[in-house]
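Over in TrEMBL, the protein carries these features:
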- Glu79: active site, proton donor/acceptor (ACT_SITE)
- Cys111: active site, acyl-thioester intermediate (ACT_SITE)
- His233: active site, proton donor/acceptor (ACT_SITE)
- Tyr143, Lys242, Asn275: (3S)-3-hydroxy-3-methylglutaryl-CoA binding site (BINDING)
- 2-164: domain 'Hydroxymethylglutaryl-coenzyme A synthase N-terminal' (DOMAIN)
- 175-255: domain 'Hydroxymethylglutaryl-coenzyme A synthase C-terminal' (DOMAIN)
- 261-352: domain 'Hydroxymethylglutaryl-coenzyme A synthase C-terminal' (DOMAIN)
Amino acid sequence: MKIGIDKIGFYTPHLYVDMNELANARGVEPEKFTVGIGQSQMAVTPITQDAVSLAANAALHIIDEEDKEKIDLVIFGTESGIDHSKSAAVYVHHLLGINPQARCIEAKQACYGATAAIQLAKGHIALHPESKVLVLGADIARYGLNTPGESTQGAGAVALLISAEPRILALEEKSAYFTADIMDFWRPIYSDIAFVDGKFSNEQYIWFFNKVWEQYQEKTDLTLNDINAICYHLPYTKMGLKALRTIIEQASEEQKEQLLSNYQISTAYNRNVGNIYTGALYLSLLSLLEQNKDLKDGSRIGLYSYGSGAVGEFFTGILQPNFKEHLNKEQHTSLFASRKQISIEAYEEIFEEELPTDGSTTELDITQDPAPICLAGISDNMRQYVNKLTK
Ligand code: COA
């Protein structure tokens, strides 16, 4: 039985800043951000969006009535959770109207959370082939104004429907994974911004990649020439390229060209969104699938997931017949086209906005936010969400 990705949804907030403008404001050469880091635009999250609403908006357009009946497990990978106790999955389960006979949990291991969710979903479907699992990866990357990490901020969510006989990507059986306790990036529960040892984090990302790539080859007897494209976890679009370059010489000349060209295509959406942590790898996959006109059914796609702290995993999937018919390219094109560029001053103001933490009631103005699902306020320490489509 094949198990894998049957549908993919994506959402990013409607606001962004241009990286040239951010560079000018920070007194650095624009090419550092656009070439050295490889980012063109950075999504900015209005106060009316959080990880829950972003994920619900990503899933809204892919889940139909049949899915709502068949989904019996919702796993929400995030490192921007809104509650230390209640899982973000329960909120999304409610907002989407999924049947109550379902399990809902949150998965945390930095940017690896959604991959953990997919692998757990795979095991669940193997035991219950008739069921479907909704995997969500949603995050708001915050390093702070004027910090080295600022140019790698971003926000967005990816929703993946995992099922038997998937129509987009069938996951292959073997996978290689590795864990080591390191402090390259972390966010203590008292902080709303991440702590990061950027250079160390870059090194570890590559070291973990080499480790799992080696292990994958031993487990499968496959080589780089058997893989048509590799999608990477992308904290910024230059990062995956640094990792790919460490193994590219293992490929034939023709294959090198294919892998490097597919790498560029796989960064298209991420370049204009920024880091979305748990969803970043799957946004890269979406870029590749929606933007590469020549990708053929049956192609093998490699996926490298890395979550600081750290866990790395390399796994592969096979593109299914007519997979292109099951993507939502037009919707994503119009999502990007409808975004609004804001000034650096406006971004800084939004960045500093905070919800009350004293139990007081705040109503937020959701009329300026075009998202169907918004955070409309907070009352008695409870977040109030609104789905404008069902209101
Ligand atoms: N033109 C072109 N490239 C330029 C440039 C210019 N004018 N100025 C600098 N660059 C390049 C640098 O050479 C470097 O490229 P390289 O890494 O290929 O050598 C790149 O731009 C970044 O410059 P650097 O000086 O290393 O930037 P920095 O010290 O300000 O920080 C990060 C970069 C990535 C370390 C920082 O943004 C960060 O910590 N980000 C978060 C990391 C992260 O997300 N990790 C967790 C998950 S993996």
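Cβ atoms are placed via backbone N, Cα and C, with glycine included.
In TrEMBL, annotation is done automatically, which means it is predicted and not curated.
Positions of the features from TrEMBL, shown on the structure.
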residue	record	DSSP class
Glu79	active site, proton donor/acceptor	coil
Cys111	active site, acyl-thioester intermediate	strand
Tyr143	(3S)-3-hydroxy-3-methylglutaryl-CoA binding site	coil
His233	active site, proton donor/acceptor	coil
Lys242	(3S)-3-hydroxy-3-methylglutaryl-CoA binding site	helix
Asn275	(3S)-3-hydroxy-3-methylglutaryl-CoA binding site	coil
The rounded CA-CA distance in Å from His233 (active site, proton donor/acceptor) to Glu79 (active site, proton donor/acceptor) is 15
Glu79 (active site, proton donor/acceptor): which of the recorded positions Cys111, Tyr143, Lys242, Asn275 is the nearest Cα neighbour?
Cys111
Which of the binding-site residues Tyr143, Lys242, Asn275 has its Cα nearest to the Cα of the residue listed as 'active site, acyl-thioester intermediate'?
Asn275
Across the domain 'Hydroxymethylglutaryl-coenzyme A synthase N-terminal' (2-164), what does the pLDDT come to on average, as a whole number?
98
Determine the C-alpha span of the (3S)-3-hydroxy-3-methylglutaryl-CoA site listed in the record, that is the greatest distance between any two of Tyr143, Lys242, Asn275, in Å to the nearest whole number.
22
Around Cys111 (active site, acyl-thioester intermediate), how many other CB atoms lie within 10 A of its CB?
31
Which one of these active-site residues, Glu79, His233, has the sparsest Cβ neighbourhood, judged by other Cβ atoms within 10 angstroms?
Glu79
DSSP composition of the domain 'Hydroxymethylglutaryl-coenzyme A synthase C-terminal' (175-255), residue counts helix/strand/coil, works out to 41 helix, 13 strand, 27 coil
Quick one: of Tyr143, Lys242, which of the binding-site residues has the smallest count of other CB atoms within 10 A?
Lys242
